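Scroll down for the structure; my scribbles are underneath it.
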Amino acid sequence: QQGDIRMQRRLPADGPPGAIMPGQPILHGQYRGSVFEVGRKVEYICDEGYEIAGEAVWTCLKDGKWDRSRRPRCNPVQCPEPPLEENHLVLRSLDSDFGTVELSCEDGYVLHGARTLRCTPAQEWNDTFPVCKQVFCGPPPEVAFGDPSSAPLSAPSYFSSIVSYSCMDGFTLRKEGSVTCQANGHWSSPVPECIPVECPQPVEIANGIVDVAYTKLQFTHAVTYSCRRGYRLQGPETLKCLANGQWDQETPVCVQIYCAPPYPIDNGFVEGLDHKFGVTIFYSCFPSFQLVGQNHLTCEEFGWSSSVPVCVPSDSITSKPIGGATVAFSPMDMSFLHGTVIVYRCHKGYELTAPTALVCLEDGGWNGTAPMCVPAECEEPPSPDHGSVNITDTTLGSLVKYSCEHGYELEGESVRQCVAGRQWSDVPPVCRPITCDDPGNIDNGSNHVDSFLYLGLLHYECNSGFNLKGGDTRTCQADGRWDGEKPWCEPVLCGGRDIHFWEPDPIQVNINFCILFVQSLC
């Protein structure tokens, strides 16, 4: 036969010598085609969810080789990038092999929606993207005797919001002064606490006493100073505790009482130059002169006990009153006619022992004996039950101070004064037992109180399945507080038990969760 004869070369099914075989299917894919002849093609395809990267179709050449030498790859299908920043999302993990992402939120935001998304073969996510909503803590905690100073209680409080507190007058902050809204939607702790401002204990003064009616001296509380007999208070009598924890005035002092220097008399002399409280001076007359008035004067709280006497010629006195009270006429008018009436009166702190007036009779005598001035005194006040009274003097104007035994507190005025009418000021105070407040039960337990009074005992115990951590007994103290700290109840934990013929792994189980073995119970 004439002409060109073209013979089609067929290669064996396993390919010509030296041909590059497509080999095993690619990862996440495979090839189609099983005849490897010259001019025949094979095509690589990917599994669902993957797309080809590289040349997918290979052709067998005349020289027994494939026209491609580098196999393609199957990469996961790409979906749109998650909108992280604009939605406060955070990419926690990415699995390229399975096309999944795990999402969470930035601090202060809570995830609403699916946490894990998968990229589908259609290059779409299998669910809508979740939304991050800002954390809201709710109203800030209320603080007794304090208020938020940086934000009102009704204002919304989001993550990282800070609320500062200020206390009412007379109270001060303890612990932190603010709280912060945390990422978990709770306010930070500890919560601020407003506690009463306390002033330091008042300074004791020499020759005086300070009346303290409270165990703790807090805002608006007051203390009162007084002096012992013979001393006068110089400075404020009352000190008040201010809101800043300081006293409103300087501490007073007690100074020695002095009377005016002894006044000299004509035609006589005075014995004694000292004129401080309690000192007595004596007056005498020269010969041919007679003393009219008291021959001695005592320096008292408000001055000399009597007016200065006078010395008059002995032959000029026709009659005179006897005794030593002050009379209501001029000391220089020493003539007493028939019918003259003289009236006696005592200095402050003294009282008359007889009628206050005398009448001059026809015979030149008086109708009675001159009265005397004696110190006015109050009866000694009794001590209160469970207390005592400190008595240094009972004369008019003197002070007594009450106090209570340990475990009792004074109810009423602690200082009383002897006033006119031989009476003590105010009603007698009483000593009341100190009591402690009910501390309340503990979680998973209870308490039993013998007494809320001073030295009363408080017993704690836990419910079945709980152990007490801390002291089981507290005592009511003299300051009205329970000693020690409140205990708590902790669940009992059981350990694994060794059983005969069997060695179990050690385990931990809670109480009331029992493992039944051969004659063995937790």
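Along the chain as shown, the residues are counted starting at 1.
Using N, Cα and C of the backbone, Cβ positions are placed for all residues, glycine too.
TrEMBL lists a disulfide bond between CYS194 and one candidate from CYS167, CYS227, CYS241; that candidate is CYS167. Here the candidates are CYS241, CYS254, and TrEMBL names CYS254 as the disulfide partner of CYS227. According to DSSP, CYS346 (disulfide bond) is assigned to coil rather than to any helix or strand. Take the Cα of CYS194 (disulfide bond) and measure to each of the disulfide-bonded residues CYS227, CYS254, CYS373, CYS404: the nearest one is CYS404. Note on the domain 'Sushi' (135-196): DSSP counts are 0 helix, 24 strand, 38 coil.
In terms of C-beta pairs under 8 Å, the stretch of 77-134, 376-433, 434-491 lying closest in packing to the domain 'Sushi' (197-256) is 376-433. Between the CA atoms of CYS404 (disulfide bond) and CYS227 (disulfide bond) there is a gap of 21 Å, rounded to the nearest whole number.
Note: the Cα of CYS489 (disulfide bond) and the Cα of CYS167 (disulfide bond) are spaced 34 Å from each other. Counting only same-chain residues at least 6 apart in sequence, those with a Cβ under 8 Å from the Cβ of CYS105 (disulfide bond) are HIS88, LEU89, VAL90, LEU111, CYS132. Rounded to a whole number, the distance between the Cα atoms of CYS346 (disulfide bond) and CYS254 (disulfide bond) is 27 Å.
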